[in-house]
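Some notes on the structure that comes next.
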Amino acid sequence: MAEEHRCETPEGHRLCVNNCGFFGSSATMNLCSNCYGDLCLKQQQQASMKSTVESSLSPVIAPVLENYAAELEIPTTKKTEEKKPIQIPTEQPSPPQRPNRCTVCRKRVGLTGFMCRCGTTFCGSHRYPEVHGCTFDFKSAGREEIAKANPLVIAAKLQKI
């Protein structure tokens, strides 16, 4: 008699397969809404992981397969490559150091020295050409620069009619 009065669920309602205490439906594989949502989420994560693994492996595997196929297609005839000798970098000579003393007074100038157009280094008081007796011809150099900057233009003669 106790068996007759036992609490049974109606035929349309079934408990969740995961035994969580909620009712499941046949549309959700007899899972409740919470368990079905968790199942869908796990399936999506597995699918995304599978696609990322396949995409990361495909670039690595494809060239290996192509190289292997290329080796099989080509018979044993291979070109021998000439080996180029390895060049050892030699130390390049350092640029010539600027003289760090004035040519006239031998005073140490360092970075404040002035290079004259005659090619020597001078201190602040001997930097002018008149003071150190420069041999450079500034007038002819100026004339040459002006001639290069302003070439002579000669127009073609017009014929008289």
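In case you wondered, yes, glycine gets a Cβ from its N, Cα and C as well.
What Swiss-Prot records for 10-44 (among others) is zinc finger.
The Zn(2+) 1 binding site annotation in Swiss-Prot covers Cys16, Cys20, Cys32, Cys35 and is backed by sequence analysis. Using a 10 Å Cβ-Cβ cutoff, Cys35 (Zn(2+) 1 binding site) registers 19 neighbours.
Residues annotated as compositional bias 'Basic and acidic residues' in Swiss-Prot: 76-85.
Marked as region 'Disordered' by Swiss-Prot: 76-99.
Regional average pLDDT for the zinc finger (96-142) in the model is 88. The zinc finger feature in Swiss-Prot is assigned to 96-142 (among others).
Here the Cβ of Cys123 (Zn(2+) 2 binding site) has 19 other Cβ atoms within 10 Å, regardless of which shown protein chain they belong to. Feature annotation from Swiss-Prot assigns Zn(2+) 2 binding site to Cys102, Cys105, Cys123, His126.
Look at Swiss-Prot and you will find Cys116, Cys118, His132, Cys134 tagged as Zn(2+) 3 binding site, backed by sequence analysis. In the structure as shown, the Cβ atom of His132 (Zn(2+) 3 binding site) sits within 10 Å of 20 other Cβ atoms.
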Legend entry - Residues close to Zn(2+) 2 site centre defined by Cys102, Cys105, Cys123, His126, Cβ within 8 Å: Thr103, Val104, Arg106, Lys107, Val109, Phe122, Gly124, Ser125, Arg127, His132
Legend entry - Those binding-site residues listed as Cys102, Cys118, and which of them has the most Cβ atoms within 10 Å of its own Cβ: Cys102
Inset, instruction - Give the residue counts of the zinc finger (96-142) per reduced DSSP state, in the order helix, strand, coil. - result: 12 helix, 6 strand, 29 coil
Inset, instruction - Measure from the Cα of Cys118 (Zn(2+) 3 binding site) to the Cα of every one of the binding-site residues Cys32, Cys35, Cys105, then give the nearest. - result: Cys105
Inset, instruction - Give me the Cα-Cα distance between Cys123 (Zn(2+) 2 binding site) and His132 (Zn(2+) 3 binding site), rounded to a whole Å. - result: 10
Inset, instruction - Provide the number of Cβ atoms within 10 Å of the Cβ of His126 (Zn(2+) 2 binding site), excluding the reference atom itself. - result: 20
